[in-house]
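Comments concern the structure below.
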Amino acid sequence: MASSTLIQNRSCGVTSSMSSFQIFRGQPLRFPGTRTPAAVQCLKKRRCLRPTESVLESSPGSGSYRIVTGPSGINPSSNGHLQEGSLTHRLPIPMEKSIDNFQSTLYVSDIWSETLQRTECLLQVTENVQMNEWIEEIRMYFRNMTLGEISMSPYDTAWVARVPALDGSHGPQFHRSLQWIIDNQLPDGDWGEPSLFLGYDRVCNTLACVIALKTWGVGAQNVERGIQFLQSNIYKMEEDDANHMPIGFEIVFPAMMEDAKALGLDLPYDATILQQISAEREKKMKKIPMAMVYKYPTTLLHSLEGLHREVDWNKLLQLQSENGSFLYSPASTACALMYTKDVKCFDYLNQLLIKFDHACPNVYPVDLFERLWMVDRLQRLGISRYFEREIRDCLQYVYRYWKDCGIGWASNSSVQDVDDTAMAFRLLRTHGFDVKEDCFRQFFKDGEFFCFAGQSSQAVTGMFNLSRASQTLFPGESLLKKARTFSRNFLRTKHENNECFDKWIITKDLAGEVEYNLTFPWYASLPRLEHRTYLDQYGIDDIWIGKSLYKMPAVTNEVFLKLAKADFNMCQALHKKELEQVIKWNASCQFRDLEFARQKSVECYFAGAATMFEPEMVQARLVWARCCVLTTVLDDYFDHGTPVEELRVFVQAVRTWNPELINGLPEQAKILFMGLYKTVNTIAEEAFMAQKRDVHHHLKHYWDKLITSALKEAEWAESGYVPTFDEYMEVAEISVALEPIVCSTLFFAGHRLDEDVLDSYDYHLVMHLVNRVGRILNDIQGMKREASQGKISSVQIYMEEHPSVPSEAMAIAHLQELVDNSMQQLTYEVLRFTAVPKSCKRIHLNMAKIMHAFYKDTDGFSSLTAMTGFVKKVLFEPVPE
């Protein structure tokens, strides 16, 4: 059977077809409408499988699934359908033709013609062995998680090496740490992170190592080379960005210079930069009330080695962490051990040296930090779905240590920071954990938010994560609302001034991350667009700034990036094939012949693919795209000046679902009705297979509501009637045409939706909120176009009802506040547990995000160019390997 014949017989129907790809072990299996293993033999026996058709087949004993193709031949009597009693009902459209081959007969918006013609016919995606290997490698990261994997710090190892023997004998307690220092000197005589040279870091590490070796009279040649390096490079600190100064540098470096002087090291003690650093230390010390140092845990505990001559160590022992450390700093703890010989300090250091082969990181543990940042990276790269169970375990681990006042980078930390707290808050909240806004209260003072309680500074990454967390606010969370405003203003100022660099991390493209957050906040961020953007921003060589530079291999590594790129390209290839089907369907419905209709097949499919990108959501995407196209042409039909009497006949035909009623209507009305009629019937058949029951009446009801509301607006326009704001919104929230798209798609989200769910208050509430958000956003950006068509908008009505409002801008600001309040409520409803499945509520949320993205600055749906770049990124431009 030829493709054209199949399309004709299908009468505007379309089903899902999948390229061959692997469904990886451990991934939730949700393939509504896809052939099940039990159906495969049935299909083969009846010779109903086409060479290009995809079926779901399991690998015996492996627990994995893959998509395979069928043999040649089709039962001619089936006319494109399976015989009665089979498990599926309709063959997918074959994929022999590329876009190039059918471009001459299928029509899309002119803006996409050139792009579609340039698109190459990609090879079918096959079982990707490499992807399986990368997934397993990442799973090993999860399995091996303990208290965190982190690179070594010469600085901290040097302080540990300085600890004298605890039995009173002459010599070091940890002599193998001295050997590690000798073995890890770099070729130019310094110590530090080999992949990046920063003056502050190299000088600080080198000075600490030279002092340790000189203290015990070992490694004379290493000491000499280290001193030569210091003599030549101390001045280079003047050229360094102050943001790259190690943690506590102004406190610890002058103290080490005093130690070096006492050892007789030949260094330029009078250098201007050293005098400046010493002056900064004095300034900071004057601000530190020593009585408070002994009373409350502060970040100063992390740098006690810089105060070892000033503090009372016995008093400080009361602030020791449970694991024996001082705020998880090996250097600070080693210094405490020198003065107190405390057994808990010794145990902490000894365990570190065993784990890390006689060296130390700059901080340990980092268990919460590692888990949170790893989950965040996997999500932003778009590959978190492969690790749902592992991610859940990670977040449960974090929640175990969650406190009302927030968290730090390590479990049971006595000091919390806004960066880790914000990251945890956002991830926990969006995964359904109960977290409250009060966790940010200690970081808020005098209208500003800070990194640590009691401090007066901000970091770009800390405010970046605070901004992301604050965007998930619920109704009534005033502190989070303040955090959202403050962090957004802070980030905007930094970005405008080209100051997007950070004191905690040196990353590939922090400015780009900030720009995306400002342009597409959570309400407007389409998942696949975020993934594609972050693929360019993710740095496999990102380096954090602690007391020395360090790396987190479970957070930034090449395997994440390889899997993310392969996954994006795999999904994109599938999406291109599906887009071909949507364009074919649009042509078979003859919608191109409708003079009044915008051609938006590509944009409609993009909206679905950018939010429901997973391969198993294929049928949901195709239903979404078809319904979106239908709402577009219906909207144009009702808006282009069609006589109201004709509209009433059209509405009656839809209401009764009777094609005979359109016999007297113009040809274009007939084309539109039959396209709607046949497509909804086809979707009803597909939904029957997905839901195992008839939902046709629900589907017809969605379209009946839509065209009834559109007719009401047409009658208002004809009569010149201006409704009240509430009266308008009651009708316009339906006429914005989101409900048929969303609610039809829900039947293909992987869950059975019974009548109790569809009739529930929760179900109708989330749809109402989405409708309200969509209508107001559409009105704000489209009011001029609507006015030219004789239609009224919420902006116009609001101004007429509130004559005291001095300007259109103020009216819009009020309406945007309504949108914001609705989004807060929608966020709450989506993230809390209700009878409506979470995957279904996610589709509601995604529609609200789509409306924000499309109507952010302009009417992006009607515009020919506003969304072009984003569409190309998601659908047409593969990620370079």
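Cβ coordinates are placed from backbone N, Cα and C, and glycine is handled just like the others.
Features as listed in Swiss-Prot:
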TRANSIT   1-41  transit peptide
MOTIF     417-422  motif 'DXDDTA motif'
BINDING   ASP417, ASP419  Mg(2+) 1 binding site
MOTIF     635-639  motif 'DDXXD motif'
BINDING   ASP635, ASP639  Mg(2+) 2 binding site
BINDING   ASP635, ASP639  Mg(2+) 3 binding site
BINDING   ASN778, ASP779, GLU786  Mg(2+) 4 binding site
(request) With DSSP as the reference, give the number of residues of the motif 'DDXXD motif' (635-639) in helix, strand and coil. (result) 5 helix, 0 strand, 0 coil
(request) With DSSP as the yardstick, break the motif 'DXDDTA motif' (417-422) down into helix, strand and coil residue counts. (result) 5 helix, 0 strand, 1 coil
(request) Compute the C-alpha separation of ASP639 (Mg(2+) 2 binding site) from ASP417 (Mg(2+) 1 binding site), stating it in Å without decimals. (result) 54
(message) Cβ within 8 Å of the Mg(2+) 4 site centroid (ASN778, ASP779, GLU786 excluded): which residues?
(response) ALA732, VAL736, ARG775, ILE780, GLN781, GLY782, MET783, ARG785, LYS791, SER793, SER794, VAL795
(message) As a test of reading the model: what is the averaged pLDDT for the motif 'DDXXD motif' (635-639)?
(response) 93
(message) I want to check the contact list for GLU786 (Mg(2+) 4 binding site): same chain, sequence separation of six or more, C-beta distance under 8 angstroms. What comes out?
(response) ASP779, ILE792, SER793
(request) Between ASP635 (Mg(2+) 2 binding site) and ASN778 (Mg(2+) 4 binding site), find the distance joining the two CA atoms and give it rounded to the nearest Å. (result) 13
(request) Provide, as an integer number of angstrom, the distance between the C-alpha atoms of ASP417 (Mg(2+) 1 binding site) and ASN778 (Mg(2+) 4 binding site). (result) 40
(message) What does the structure give for the C-alpha distance between ASP419 (Mg(2+) 1 binding site) and ASN778 (Mg(2+) 4 binding site)? Integer Å is fine.
(response) 36
(message) Cβ atoms within 10 Å, counted per site: which of ASP419, ASP635, ASP639, ASN778 has the most, among these binding-site residues?
(response) ASP419
(message) With every protein chain in view, what's the tally of Cβ atoms within 10 Å of the Cβ of ASP417 (Mg(2+) 1 binding site), excluding that atom itself?
(response) 23
(message) Return the count of C-beta atoms lying within 10 angstroms of the C-beta of ASP779 (Mg(2+) 4 binding site), excluding that atom itself.
(response) 25
